[in-house]
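Just below is one structure, and these are the notes that go with it.
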Amino acid sequence: MEPRAIVLKLIEHKHISVEEAEFFMNRVMKGEVSEILLSSFVTAMRAKGESVDEVLGCTLALRKNALKPKTVFPFDLLDTCGTGGDGQGTINVSTLSAITLASLGVKVAKHGNRSVSSHTGSSDILARLGYQTEATQEEVEAHLISRGFTFLFAPMWHPSMKYAGSVRKELGFRTVFNMIGPLSNPFSPQFQIIGVYQPELTELFIKVLQYLGLKRALVCHSRDGLDEFSIFQTTDYTLLENEVISRHSFDPRTLGFSSLKREEVYADSSEHAEVLARRVLNSEPIAGTHAVALNAGAGLFVMGKVKTIEQGYKIAWEALLSGKTRKYFEDLISKE
């Protein structure tokens, strides 16, 4: 295979195979592809529209070149990493729901990064709340064993991504790189929730997760444009269970929500995002707390801890309102 020939196929609006995508991205991860060729590759793929095989191939290359954990974890893992990029400016729902899930006994390996399109990425908000996000590999693995929660800072675990950094920054628009990050948790969790920035990606992502062999996974996009479960509008999601894919919708009205304030979910700055996150963790019954409970409830559903998302929401809501999640997080950061 020759990288230029692969790019030419994409320019001609032809799909490339899993093998071709993996070959090209593997060369990128080794610093063997010029920035001009890489820019052409991701731009042509974006213009054509990324296929399942292309995203899968690029994901396999990123996983192959990531750091590998030295620990064999004796339990099932969940990740709540999403694509971001929905442009909505909501609080860090997936991060706060990950903390809530960990407080309920779910082992969470949260894979994330600094802000890309929002005011605060998962790394940013955790740091603002007092959590050490840039720990060593040994510390990250030890935290999961001892605390049931850990954070994998993507740049540390994917050092080969440095070869793509300047191209991504210069282009400034979403490419296949925005897709493969959430699919490339180095701890290879068996369970995963991914929120995506476009509705059609729920189908693409669940098929990639199916190939990757996850036990159970869920990919969602809400009808008001969020890459998470919405408390305001119906959320459409695909579910992978026992290697079978199914399609569903969740209407938050089934939870009896009324008079929820959007300003309690949306942040206009990193400082505002921190204020809202602290209000959620401090058990205030605001809209943001409902949003976190709903998404944590979906996590309990994916893990098989409950039979429905509604049941999961009620358990997560109680953990947040009772102070259980707050106490867990306080214990977590007191050990930093």
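Heads up, the Cβ atoms here are built off N, Cα and C, so glycines get one too.
According to Swiss-Prot:
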type	residues	note
BINDING	GLY82, ASN113	anthranilate 1 binding site
BINDING	GLY82, 85-86, THR90, 92-95, 110-118, SER122	5-phospho-alpha-D-ribose 1-diphosphate binding site
BINDING	SER94, GLU228	Mg(2+) 1 binding site
BINDING	ARG168	anthranilate 2 binding site
BINDING	ASP227, GLU228	Mg(2+) 2 binding site
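Inclusion criterion for the binding-site residues GLY82, SER94, ASN113: a C-alpha placed within 10 angstroms of the C-alpha of GLU228 (Mg(2+) 1 binding site); this criterion is met by GLY82, SER94.
Cβ-based neighbour count (10 Å, all protein chains) for ARG114 (5-phospho-alpha-D-ribose 1-diphosphate binding site) stands at 14. Within 10 Å of the C-beta of SER94 (5-phospho-alpha-D-ribose 1-diphosphate binding site) we count 26 further C-beta atoms, all protein chains included. The distance from the Cα of HIS111 (5-phospho-alpha-D-ribose 1-diphosphate binding site) to the Cα of ARG168 (anthranilate 2 binding site) comes to 19 Å.
The binding-site residues near GLY82 (anthranilate 1 binding site), taking a 10 angstroms Cα-Cα threshold over the set THR90, SER94, ARG114, ARG168, are SER94.
Ranking the binding-site residues SER94, ASN113, ARG114 by Cα distance from ASP227 (Mg(2+) 2 binding site) puts SER94 first.
Rounded to the nearest whole angstrom, the C-alpha distance between SER94 (5-phospho-alpha-D-ribose 1-diphosphate binding site) and ASN113 (anthranilate 1 binding site) is 12.
Distance between Cα atoms for ARG114 (5-phospho-alpha-D-ribose 1-diphosphate binding site) and ARG168 (anthranilate 2 binding site): 14 Å, as a whole number. DSSP assigns ASN113 (anthranilate 1 binding site) to coil, not to a helix or a strand. For the pair the residue listed as 'anthranilate 2 binding site' and ASN113 (anthranilate 1 binding site), the C-alpha distance works out to 14 angstrom. Across the fold, the C-alpha of ASN113 (anthranilate 1 binding site) and the C-alpha of THR90 (5-phospho-alpha-D-ribose 1-diphosphate binding site) stand 16 Å from each other.
When secondary structure is read from DSSP and collapsed to three states, SER94 (5-phospho-alpha-D-ribose 1-diphosphate binding site) falls in the helix class. Mapped onto three states, the DSSP output places ARG168 (anthranilate 2 binding site) in helix.
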